[in-house]
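As written in TrEMBL, here are the features:
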type     : residues                                      : note
REGION   : 1-27                                          : region 'Disordered'
COMPBIAS : 17-27                                         : compositional bias 'Polar residues'
DOMAIN   : 37-425                                        : domain 'Catalase core'
BINDING  : Arg81, Arg121, Phe170, Arg367, Tyr371, Arg378 : heme binding site
ACT_SITE : His84                                         : active site
ACT_SITE : Asn157                                        : active site
REGION   : 417-437                                       : region 'Disordered'
Amino acid sequence: MSSKSNDAPVRGDAPANNLSQPAETHQSVEALADTITTNHGIPIADNQNTLLAGVRGPALMEDFVLREKLTHFDHERIPERVVHARGSGAHGYFELYASLADITKAAFLSDPAVRTDVFARFSTVAGSSGSGDLARDVRGFAVKFYTSEGIYDLVGNNIPVFFVQDAMKFPDLAHAVKPEPDRGFPQASSAHDTFWDFVSLSPESMHMLLWTMSDRAIPRSFRMIEGFGVNTFRMVNAAGASNFVKFHWRPRLGLQSVLWDEAVSINGADPDFHRRDLWEAIDQGDFPEWEFGVQVISEATAASLDFDVLDPTKLIPEELVPVRIVGKMVLNRNVGNFFSETEQVAFLPTNLPPGIEFSNDPLLQGRLHSYQDTQITRLGGPNFHELPINAARCPMHNFQRDGMHQMNVPKGRVSYEPNSLDQGVPRENPHRGATSIPEQMDGEKIRQRASTFADHYSQARLFFRSVTKPEQAHIIDAFAFELSKVQVKAIRTRMLGHLAIIDPDLQAQVEASLGMQGEADTITPAVKPRELTPSPALSILAKAVPTLKGRKVGVLLLDGFDPALLTALQDSVNSEKASLFLVANSIAGATDSSGKLVPADGALSGSPSVFFDSVAILAPKDPPKTLPLAAATTEWLEKAFNHRKVMAYSSGAKTILERAQVASDPGVVLLSGASSVGGYIKAAKHGRLWDRVRAGEEGADA
Ligand code: HDE
């Protein structure tokens, strides 16, 4: 907006006519370059006042400036995505480490010299676009590759399996988890009757439920989630040989989650926690990266598995079929406009370049219809592929024409093919074009689930038994929390019946938490669960690598702190590629021992310790007996301790820690001087102390 329009007179100041103003009529086109205009380019003289019939009179219909502005505003909103409405996106690139030409003829996967532009969008599923980031939910992990052979959309999740096996069940699943239709709540939560009613009547959901009740569903950051294609696809090489494939994304920063108690607090204190985290990391040049991997499964291997490779409620343990890491994605540019890019991006699982094909997974088959269809309503017509974020970055031409919001001007007399009037028009290309493998089809027309899809419990048990004790404890707590919100008791007893089949210990502990011992329904599974060899790769904690990279250390500064200690801390944290966030009683900052004011990044009231991966408190040598904001300080420390975080403190903070019931253990580190900072960093890199005994507890229960 030009400064001129900001300076425009306001109502009451305006002269009756503008004769005293310099005439604009003789201005050149250049002089109008910074003048605000209507959508049709008509220069606007006054962007503050409606055209009135007399200074205190009614508005005039002819005020096209006002009417256009209001009309456009009235239509600013488009329908939010029916699922995955809340999300954040960023631009970046994909690089191949080594050619995959033995498996696929897709050009972008064959030549390591090629760098492919990408746009990634991460999302939650159940909540509306304004819901909190920390909902217990699956995270969408959708990547658009702008390849030389057209768009490739890999529309996955951060959990490798899905709730249902057949697309026919998807609208019911989505209705069940969304706010209940009569009352309009709960928002962004599966902890309610309709969700648990539906899943408890759908045994195929059991495996995915174990994942959504696990820490995977409350990630610390989008930068710290894995991604999975979920559905099985095929890859076909230039010779026509085909294999099944499963897609994987591995975060370079490692996997990390928050605790449920933290998730609840973060949602209140910063509902944009994940969105902000991704934005800030990219903004600061700390670009998140994921490695891309494929599990390649021959027809023979697929036939040897004790489940069906077409069943999206099953994963293939990587101990059975290793993940071949073939490249990496780097997100290095934030969007310029959230609506134009993150909101208008349209992912279609049907967008596959030659060399990648669908499998007959019945869930995938339904998705092939749904995404294209939903975009027509959401983006207002069939030309959404012309929006800059969706447009292919390779030549694109065909004879599809017209429709709402056509933005191109396709030239020429010929808009059909074959034709003899214009020899220069594009033609089909049997050599380079997308084809399908000649798969034999000879089935009966039938509505029936394959019997090879019938084992609903073995992999649910596999997941529970593959994760560590603290992770199991969180799953138990999550089931207990969610089911305690279910009002209809019959739903709870039904769910307990399923848990009994998955793992008797899981069932017993959830039952005890609910006070419903002995009340589980007896459920007879269609196929009895098999004992599978645990897969440590499914655990977050079992494969955690000690690191502080990409993490945030919160430092609470009390007036009179030692600046040398802060500098030492800052240097060590920076050298780990982590960041320091300074918290003080007020946003103005805290004064160090020399009386110098050090500005804070956040005030204590707005920066709870749940925001940080590890915390430190720097107090003066002899703190005054009565501290300002003493209760808030105590709570900040107490919560960090109870959330099992590694903590550092200067000697002057000892009594404050005692008041906060922070016991001494290897995760509470005294900073006696600059040389002791290394010990703290070493401890902090290991993450939480799962065996920490908290105040009032007899032993660790994680
Ligand atoms: Fe989606 N899904 N889905 N889904 N899905 C949508 O498409 C649908 C499924 C996933 O950031 C919608 O553009 C059906 C599995 C992601 O824009 C819609 C079925 C997986 C996103 C739709 C599934 C996903 C969506 C809503 C069962 C993991 C967000 C708006 C047959 C592999 C993409 C839209 C973004 C979005 C339908 C199942 C992932 C309605 C019918 C399985 C990440 O078309």
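Placement of Cβ uses the backbone N, Cα and C atoms for every residue, glycine included.
Mapped onto this structure are the features recorded in TrEMBL.
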residue	record	Cβ contacts under 8 Å, 6 or more apart
Arg81	heme binding site	Gly87, Ser123, Ser129, Thr374, Arg378
His84	active site	Ser123, Thr124, Val125, Gly140, Ala142
Arg121	heme binding site	Gly87, Ser88, Gly89, Gly140, Ala142, Thr342, Val345, Phe347
Asn157	active site	Val138, Arg139, Gly140, Phe141, Gly227, Phe228, Val230
Phe170	heme binding site	Val164, Leu363, Gly366, Ser370
Arg367	heme binding site	Val155, Ala167, Asn231, Pro349
Tyr371	heme binding site	Val155, Ala346, Phe347, Leu348, Pro349, Thr350
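Long-range neighbours of the region 'Disordered' (417-437) within the same chain, counting only residues 6 or more positions beyond its ends whose Cβ lies under 8 Å from a Cβ of the stretch, are 149, 234, 236, 240, 242, 352-354, 357, 397-399. Under DSSP, Arg81 (heme binding site) is assigned to coil, being neither helix nor strand in the three-state scheme. Break the region 'Disordered' (417-437) down by DSSP state and the numbers are 0 helix, 0 strand, 21 coil. Across the residues of the domain 'Catalase core' (37-425), the predicted structure has a mean pLDDT of 97.
Of all residue pairs in Arg81, Arg121, Phe170, Arg367, Tyr371, Arg378, the annotated binders of heme, the farthest apart have Cα atoms separated by 21 Å.
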